[in-house]
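Engineer: My structure is below; once you've seen it, I'll send some questions.
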Amino acid sequence: MAGRVYEAWKGSNKFLFGGRLIFGPDAWSLPFTLLLIITPVTLFSVFVATHLRHEFFSNTAGDAILVVAILFTLFVLILLFLTSARDPGIVPRNLHPPEEELCYEATVSADGRQAPTVQIPRTKEVMVYGVPVRVKYCDTCMLYRPPRCSHCSICNNCVERFDHHCPWVGQCIGVRNYRFFFMFVSSATLLCIYVFSMSALYIKFLMNNNQSTVWRAMRESPWSVMLMIYSFISLWFVGGLTGFHLYLISTNQTTYENFRYRSDNRINVYDRGCSNNFLETFCSKVKPSRNDFRAFMREEPPRNITMATTWERPGEEEEECSDLEEQRQKVEDDLYIDEDVMKLQQRSNAEESSDPAHHMVEVDQMRVGCCERAPTIRSEVRHGNLGARSSAQEDVVSGSSVIRESRSYAAAEEGRPSWFGLRVVNLMVVWATVNDSVWSVLRLSASYCFQGLAAYQLSKFK
């Protein structure tokens, strides 16, 4: 039987009650947050609210202080639960990169061969309210993030309209829980103000009843003093956070955008005016979750990803076949090098007695000609494509210095035996011009050597 989605979830979230509740990986901070809320309210109810009931002429007014404190606390806890236990707007991951965004680029490998590689553009532009906005590609989720979406490194998910990851609620704050988060923070601010004011009121009643000073009244109710200090300190945190998010809502920004792009002086394309921004945040319909964590996983049939198009683009196979035929033709042409050597030897023998200087020039040309053809073979075998072969041919035509450079590079790629064989052939040809008596033996050696090299190069194509 196939498992459920939450059981194979790749993010760092924690699930409870069969995937009905989703928390962040730092959900352990929730008990501490609950302790910070429930403990002072409990102390307030026991040591302050119960005594204030007797200070009013009407018992109803005294009871209202206790009831309001309890109900306000329950409201804050419900908002905390709605913030931390729901999907913040997670974008479902793709199992494969988007094929329509793939692009192909040719790269040169270590052995000098060109091979097309698949790359995905890191960014692309989308239109938001008629303004182009650049969105980024997420390698983890294998998708282009929607506008205002970011990848949370703690939850390991892409979250729509990502604001921040709050450790106090143990969850990301996104498009589906931002309003509950703001209501939680603002309600906690009002709760701190309520506890502080009611504790101060109780101190005032003690001063009036006993006709004493403030210090004596504070000694009579130390819990009121402690609650006032605790509420005052907490008010700086939650109150400052409430004011900051009021500013963000009025300008339609997120915490991530405010800190990330503050110095860029970008135009905020999402700002629709203060009133419309508040209406969008609090009066718009909450988007449904894009993930059904309790659904059963469906096994996808294996996709036939056209990897052939990735590595063999249309027409490339025909080009490779034509290149291979041309390379084989050049190797077969080089099999006749020994005949050229024999003709040059006959010409050198005929002109040796008449013009020694002209004879040396012909020998030098013969040596350069022998070196021109062999590097051409090696260059084409090494590159194996049309562009590289054209580059090798241009190097041969450019001159003897380029020929030596191409030959040294080919030696580094093909190995020592080919380079050594060519050097031996060159030395034998020069030696033959000086020692005509041993030419017959060296001619046969040069012929066998060239034939062996050409046969070795031809075998690499078969």
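Backbone N, Cα and C define each Cβ position, glycine as well.
Heads up, TrEMBL stuff is auto-annotated, nobody curated it.
Dumping what TrEMBL says about this protein:
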- 30-52: transmembrane segment (TRANSMEM)
- 64-83: transmembrane segment (TRANSMEM)
- 136-260: domain 'Palmitoyltransferase DHHC' (DOMAIN)
- 180-203: transmembrane segment (TRANSMEM)
- 223-249: transmembrane segment (TRANSMEM)
Engineer: Can you say which of 30-52, 64-83, 180-203 has the most Cβ pairs under 8 Å with the transmembrane segment (223-249)?
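Structural biologist: If we count Cβ pairs closer than 8 Å to the transmembrane segment (223-249), 180-203 scores highest.
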Engineer: So which residues does the transmembrane segment (180-203) touch in its own chain, when a touch means Cβ under 8 Å and the partner is 6 or more beyond its ends?
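Structural biologist: Distal contacts: 37, 40-41, 44, 48-49, 51-52, 55, 65, 68-69, 72-73, 75-76, 79-80, 82-83, 86, 163, 166, 169, 173, 214, 217-218, 221, 224-225, 227-228, 231-232, 234-235, 238-239, 241-242, 245, 249, 281.
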Engineer: Same chain only, please: residues at least 6 beyond the ends of the transmembrane segment (64-83) with a C-beta under 8 Å from a C-beta of the stretch. Say none if there are none.
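Structural biologist: For the transmembrane segment (64-83), the sequence-distant neighbours (Cβ-Cβ under 8 Å, at least 6 residues beyond its ends) are 30, 33-34, 37-38, 41, 44-45, 49-50, 52-53, 166, 169, 171, 173, 177, 180-181, 183-184, 187-188, 190-191, 194-195, 198.
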